[in-house]
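S.K.: This structure is in structure tokens; I'll ask about it shortly.
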Amino acid sequence: MNKVAVIGSGNVGATTVQRLAELNIADIVMVDIVEGLPQGKALDILQAAPLMGYDVDVKGTNDYADIAGSDVVVITAGIARKPGMSRDDLLATNIKITQQICASIEQYAPDAIIMTVTNPLDIITYAALRCTQFDRNKVFGMSGLLDSSRFASFIAKELNCSVKDVCAMVLGGHGDSMVPLPEYSTVSGVPLSKLMDEATIERIVNRTINAGAEIVAYMKSGSAFYAPSAAIATMVESILNDTKRIVPASAFLNGEYGQHDICLGVPVKLGKNGVEEIIELELTKQEMEALQRSADAVREGISKIRS
Ligand code: APR
């Protein structure tokens, strides 16, 4: 049986565990710093197994030794964004938490693939890669698939069509500088520009960029977790089943898209080795410029963790 460790048993972590259990693809261990929280939530998820028909082990723990043997470790631990708080405000605390967790992963699950989720995502991913010294294919962040799913859901709503036929693509950093790509977004193969006018596309693009903040503003405390956990589960499944899905993710770039020494959202092929390929799309001058602005914003954050 495959094994997945989810670090953090808050909203994103616990919902991810639930989704993974329902996919029936791996035994799962959920780790949190708060005593009793992961144990209680894991037991609750386990007790749903007879009803939902999954047959995997789900364990909650405060002991990192329990992640031993994990194929994938998903890091959701950290503090979540509060209203009015930018993702960058979270930086210092979440970097420290990530470094502690990465040290435990190196100690107990040195062969694992690490998927970061904690915000600010691209910077946290870079920090995880740097502090573990794992190969770059084994450390990446979940971001673009969530942003693309949000974009796709808005497109389907606008066109009153099935989300199943929408294929949307968002590149760049997971933040205000993300780069939704209408040119690479289609409905049953038909480009978006043939289905809606420019003003409508722009409105949907802007809503996508602000989608996380829109939810935070509604909820007042806490941030999104249903769609994030769905994106995480989709990516974990592609790794464990070696499906080789092509999804946007925050990957370390070594010259791709003209970028070096940075983690940024780009389309990747996800299989049993993690990021097996980075796909380079042909971008227009404007899209390249937007991606560069996004890279600049992420680099500014990275420079803060270096200093
Ligand atoms: N080790 C393990 N767990 C930790 C640690 C640590 N060092 N520090 C904090 N945690 C746990 C908290 O105890 C809490 O249960 O991380 C969990 C975070 O849960 P929530 O506050 O509910 O946050 P959540 O909504 O799940 O978001 C987690 O994902 O999408 C991002 O921006 C979001 O960075 C945030 C992360």
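Using N, Cα and C of the backbone, Cβ positions are placed for all residues, glycine too.
I grabbed these lines from TrEMBL:
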{"type": "DOMAIN", "residues": "3-141", "note": "domain 'Lactate/malate dehydrogenase N-terminal'"}
{"type": "BINDING", "residues": "Gly8, Ser9, Gly10, Asn11, Val12, Gly13, Asp32, Asn94, Val117, Thr118, Asn119", "note": "NAD(+) binding site"}
{"type": "BINDING", "residues": "Arg81, Arg87, Asn119, Arg150", "note": "substrate binding site"}
{"type": "DOMAIN", "residues": "146-305", "note": "domain 'Lactate/malate dehydrogenase C-terminal'"}
{"type": "ACT_SITE", "residues": "His174", "note": "active site, proton acceptor"}
S.K.: Starting from the Cβ of Gly10 (NAD(+) binding site), draw a 10 Å sphere and report how many other Cβ atoms land inside it.
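M.R.: Looking across every protein chain shown, the total is 20.
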S.K.: Can you list which of the recorded positions Gly10, Val117, Arg150, His174 have their Cβ under 6 Å from some atom of ligand 1?
M.R.: Gly10, Val117
S.K.: What is the number of other Cβ atoms found within 10 Å of the Cβ of Arg150 (substrate binding site)?
M.R.: 26
S.K.: From the DSSP assignment alone, can you count helix, strand and coil residues within the domain 'Lactate/malate dehydrogenase N-terminal' (3-141)?
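M.R.: Within the domain 'Lactate/malate dehydrogenase N-terminal' (3-141) the tally stands at 69 helix, 26 strand, 44 coil.
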S.K.: Given the binding-site residues Gly8, Gly10, Val12, Asp32, Asn119, which lie within 10 A of the residue listed as 'active site, proton acceptor' by CA-CA distance?
M.R.: Asn119
S.K.: Would you report the average pLDDT that the model assigns to the domain 'Lactate/malate dehydrogenase N-terminal' (3-141)?
M.R.: 95
S.K.: Greatest CA-CA distance (Å) over the residues Gly8, Ser9, Gly10, Asn11, Val12, Gly13, Asp32, Asn94, Val117, Thr118, Asn119 that the record ties to NAD(+)?
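M.R.: Comparing all Cα pairs, the maximum is 17 Å.
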S.K.: So if I draw a 10 Å sphere around the Cβ of Val117 (NAD(+) binding site), how many other Cβ atoms end up inside it?
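M.R.: Val117 (NAD(+) binding site): 29 neighbouring Cβ atoms within 10 Å.
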S.K.: Return the count of C-beta atoms lying within 10 angstroms of the C-beta of His174 (active site, proton acceptor), excluding that atom itself.
M.R.: 31
S.K.: Pop the Cα-Cα gap between Arg150 (substrate binding site) and Val12 (NAD(+) binding site) into the table, whole Å please.
M.R.: 16
S.K.: Please report how many Å separate the Cα atom of Gly10 (NAD(+) binding site) from that of Arg150 (substrate binding site), as a whole number.
M.R.: 21
S.K.: Including all protein chains displayed, how many Cβ atoms other than that of Val12 (NAD(+) binding site) lie within 10 Å of its Cβ?
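M.R.: Other Cβ atoms found within 10 Å: 26.
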